[in-house]
Amino acid sequence: MAGSTLRFSLLLAAAFAGRATALWPWPQYIQTSELRYTIFPQSFQFQYHLSSAAQVGCSVLDEAFQRYRDLLFGSVAFRFPHPIEKRHTSEKNSLVVLVVTPGCDQFPSLGSVENYTLTINDEQSLLLSETVWGALRGLETFSQLIWRSPEGTFYVNKTDIEDFPRFPHRGLLLDTSRHYLPLASILDTLDVMAYNKFNVFHWHLVDDSSFPYESFTFPELTKKGSYNPATHIYTAQDVKEVIEYARLRGIRVLAEFDTPGHTLSWGPGVPGLLTPCYSGSHPSGTFGPVNPALNNTYEFMSTFFLEISTVFPDFYLHLGGDEVDFTCWKSNPDIQAFMKKKGFGDDFKKLESFYIQTLLDIVSAYGKGYVVWQEVFDNKVKVRPDTIIQVWREEIPVKYVKELALVTRAGFRALLSAPWYLNHITYGPDWKEIYLVEPLAFEGSPEQKALVIGGEACMWGEYVDSTNLVPRLWPRAGAVAERLWSNKMVSNLDFAFKRLAHFRCELLRRGVQAQPLSVGYCDMEFEQT
């Protein structure tokens, strides 16, 4: 979108204060006016255009229509059978949705088109999109345009919007290993992700602390690796529910099973998988990363990731590869002998690379792509050209802007997470620092910058569980959402604060216990139900 068009849209926003300019994230182009139309909840409908490729029976939109009707009006239509203000001709009793391309039963993907246009004027109320995924984004925007007068009447202003995401991958990571998050917490998070136009749920399922994923191929992993196999696990049905719940909101589920490090919870369920650590010439009784010297290790990984590849439908799996501590490998005589046999000398990065390359070959054979943490790139592991590198370190070994330059110069696609670790909290409006991050602020060619496909906000679970997850996430994660959706030029903090504060109040109205941005109040304060 041209800079002049964007400036025009911002000038309009300043000229017409009100609900129509309180959108989050901000669209690529918006033109609005003070002309408003009345909406009567008891008669309002979402309708399919006669020419739409999606019609009644489209699960994604049928459910979205009901969901947004409930969000907008709840039981208002039944409590107020007649509006307080007098009925007149300037009313809107429907939003007509026209989807160009069929695809109601598919899963969203990295290449999904999310563009939409929204036109509300005297002649029509029309949401036009190429796909159902774009229609979902447009429905969220429409829901934020509707406002209610003090007398109780609903309105929507005359508006034209053309919108599309700046980046195709806009993710949120949840860590369900260090603290187990109940299924309801995950589903609630997916709801709020959709309100913010996030489209990737990065599910960091397992880690050193616990293994809550219920494996049907290796049930002992869960029985012996979870905090409590009766209560603190995600069953096969739970996982299916998360995947489908996310799909209906246009959200991909990117499952992460991090190896060879971060795997202590795997050990009890798979004897021999982890490396025995030594103290001198004797085992110390402790264990380190996955043992890369045994054929049994790769036989296990082959079978396990065959299961994972069938359970999770997304093309990509996240294979981790970060923070591998070599201390245990160095102490183990069998590992030392294997290194000598392979000609690795004392370079344990070569051993790590051997393991990861073998694992990547296994996963590739199942027709999957993969995302890895930046250490895989830093340690010069040979990976496929279509590998996605997730940059998470802020300053070590280099600052993240330099890392992005290095990754893209090598021709790899990149995701940025380094400045967006939301589990790191400070007193005051830390959302501003989050908001002002510019993902492409590194030295590189246009071709390099095109390889940055987006980023993720991360909520690691050392000090986060279901008691504090929601207020720690929201509305702070929204700052990341807008940075990944909106035009680069949308960066004014005053403009952002007014809209984000309004959006936070809207989240409260929707039942989300989002924390305040500063001093102030909302017309509808949060009430625990």
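A Cβ is built for glycine as well, from the same backbone N, Cα and C atoms used for every other residue.
According to Swiss-Prot, the feature active site, proton donor maps to Glu323, an assignment based on similarity to another entry. Here Swiss-Prot flags Cys58-Cys104, Cys277-Cys328, Cys505-Cys522 as disulfide bond. Residues or ranges marked as N-linked glycosylation site in Swiss-Prot (evidence: sequence analysis): Asn115, Asn157, Asn295. The signal peptide annotation in Swiss-Prot covers 1-22 and is backed by similarity to another entry.
Distribution of Swiss-Prot features across the structure.
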residue : record                      : Cβ neighbours (10 Å)
Cys58   : disulfide bond              : 22
Cys104  : disulfide bond              : 16
Asn115  : N-linked glycosylation site : 17
Asn157  : N-linked glycosylation site : 19
Cys277  : disulfide bond              : 17
Asn295  : N-linked glycosylation site : 7
Glu323  : active site, proton donor   : 13
Cys328  : disulfide bond              : 20
Cys505  : disulfide bond              : 21
Cys522  : disulfide bond              : 16
Would you mind reading off the Cα separation of Glu323 (active site, proton donor) from Cys277 (disulfide bond), to the nearest angstrom?
17
Between Cys104 (disulfide bond) and Cys505 (disulfide bond), find the distance joining the two CA atoms and give it rounded to the nearest Å.
32
Just to verify a number: CA distance, Cys505 (disulfide bond) to Asn157 (N-linked glycosylation site), in angstrom, no decimals.
20
